[in-house]
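Visitor: Have a look at this one.
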Amino acid sequence: MKVRFAPSPTGYLHIGSARTALFNWLYARHSGGKFILRIEDTDLERSKAEFLDEILDSLKWLGLDWDTELIHQSKRLDIYRKYAKKLLDEGLAYEAEGEIRSKDGSVTKDSKRITQKAVIFKVQPGKIIKINDLVHGPIEINTDTIKDQVVIKSDGFPTYNFACVVDDAEMQITHVIRGDDHISNTPKQILFYEALGFNLPEFGHVPLILGSDRSRMSKRHGATSIREYREQGYLPQAMVNFIALLGWSPGKDREVLPIDEIIKEFDIKNAKSVNAVFDIEKLNWMNGQYINKFDNQELLDLLMPELKSRGWISDQTNKDWLLKVTGLFKERARTLVDFFDWSGYVFTDEIKYEEQAIKKRIKKEGVADILRSASERLTALKDFTAVSIEGACRELADELKIKAADIIHPVRVAVSGRMMGPGLFELLEVLGRDKVLKRLEQVKKLV
Ligand code: GLU
């Protein structure tokens with residue numbers, strides 16, 4: 001059993017392509033087969049080294065390892081030409097004056113610039129091509145609807161359909177799994193298989209990924225490349241789990257599954273034949289589940305590079321303290337970026353007071369007194385731990401005959417500028433007494 005992922009390096013790795021790569025990889029790992037990576041770089045103008053690097057980086061980041069050396073179609077031109085010649089020799093193809101596109105885009109018939117004639121495959125009309133698609137079931141196409149097919153273009157490069165067939169056959173690919181957008185190419189490719197006397201692989205076409213408005217997922221719906229999700233603080237484990245569920249399901253309402261489990265359960269025959277809808281809320285939820293499953297040390301390791309590059313910590317920063325802060329913000333964070341957005345005031349003295357928070361929690365009668373008393377109690381505490389801080393706050397609330405929340409809310413805004421955040425007593429402990437007292441003083445200007 002052998003499958004392949006065959007990206008064209010003409011753009012970043014798109015969610016849809018990542019799903020194709022993942023389904024092939026899962027199927028190979030499930031069946032103990034091989035997963036091949038083939039770079040379809042015969043479109044010289046659109047293929048870029050930068051895109052190839054990014055595609056490889058994204059695949060590695062997702063953990064989709066391939067089993068052989070990379071194959072580049074651009075290094076196999078002689079092979080495609082050999083098979084094209086075979087078609088010509090057998091009278092199955094003919095040559096035609098080619099057209100060459102000049103740099104400005106117009107089509108010229110300048111004979112001096114034509115390096116060679118294009119090779120065109122003759123399509124016999126009136127034949128029915130039958131495909132038993134692994135995902136969609138039986139499909140039939142009449143060759144009357146297919147025009148003669150270019151095999152080698154006048155620039156000497158093969159067309160996608162031809163190179164794809166030659167490679168899939170030579171590499172003995174057993175299952176061709178790719179996006180629905182290639183369904184119309186498959187009958188054309190089958191004609192090439194038959195003409196060249198190759199065995200047919202099985203074909204499986206996976207439905208499109210749609211945005212929330214049910215139109216094909218595009219930039220309009222948000223980030224489309226794996227690279228962007230990586231930059232936005234999503235975890236590769238969550239991404240893989242989420243993408244696996246775009247068009248496949250392990251059943252029994254299971255959603256968060258370790259990769260070993262997904263491999264065990266995955267079968268391309270169970271891929272859904274209806275389009276999948278990309279739901280960013282679900283991705284956020286799933287990413288949060290993965291973040292929560294990490295222990296504090298694992299999560300801190302992921303956060304460390306960014307914490308350093310923001311200048312929020314140094315090599316001297318206390319490790320235990322960092323682990324506490326990580327644990328504190330872990331619970332509600334759905335992406336790594338959430339962590340940075342929410343925890344900045346712990347690492348720096350820059351506080352952005354939310355307008356609502358000031359209005360609702362600070363500019364109120366009695367708050368100035370409450371903050372002053374809280375300050376006194378916190379100053380007097382022997383040790384500044386979450387437990388002792390909580391004791392002091394509850395005691396003060398009893399004495400003032402108010403609810404603990406009447407203290408907690410304004411103190412939270414004073415130290416963080418925000419309405420929401422982690423448990424206040426733990427938060428005060430990690431901030432430390434000096435910072436807390438300074439901030440209680442500072443917020444008085446806003447009362
Ligand atoms: N290079 C093609 C693409 O990126 C590959 C399609 C296929 O898997 O056959 O769409």
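These residue numbers are counts, starting from 1, taken along the chain as shown.
In case you wondered, yes, glycine gets a Cβ from its N, Cα and C as well.
What TrEMBL says about a protein is an automatic prediction, not a curated fact.
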Visitor: From 7-17, 139-149, 227-237, 359-369, which range did TrEMBL mark with motif ''HIGH' region'?
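Guide: Based on what TrEMBL states, motif ''HIGH' region' spans 7-17.
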Visitor: Write down the single range among 46-50, 106-110, 216-220 that appears in TrEMBL as motif ''KMSKS' region'.
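Guide: That would be 216-220, the stretch labelled motif ''KMSKS' region' in TrEMBL.
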Visitor: So, by DSSP, how many helix, strand and coil residues make up the motif ''HIGH' region' (7-17)?
Guide: 3 helix, 1 strand, 7 coil
Visitor: Across the domain 'Glutamyl/glutaminyl-tRNA synthetase class Ib catalytic' (2-97), what are the DSSP residue counts per state (helix, strand, coil)?
Guide: 47 helix, 17 strand, 32 coil
Visitor: Take the domain 'Glutamyl/glutaminyl-tRNA synthetase class Ib catalytic' (2-97) and average the pLDDT across it for me.
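Guide: The average pLDDT of the model in the domain 'Glutamyl/glutaminyl-tRNA synthetase class Ib catalytic' (2-97) works out to 97.
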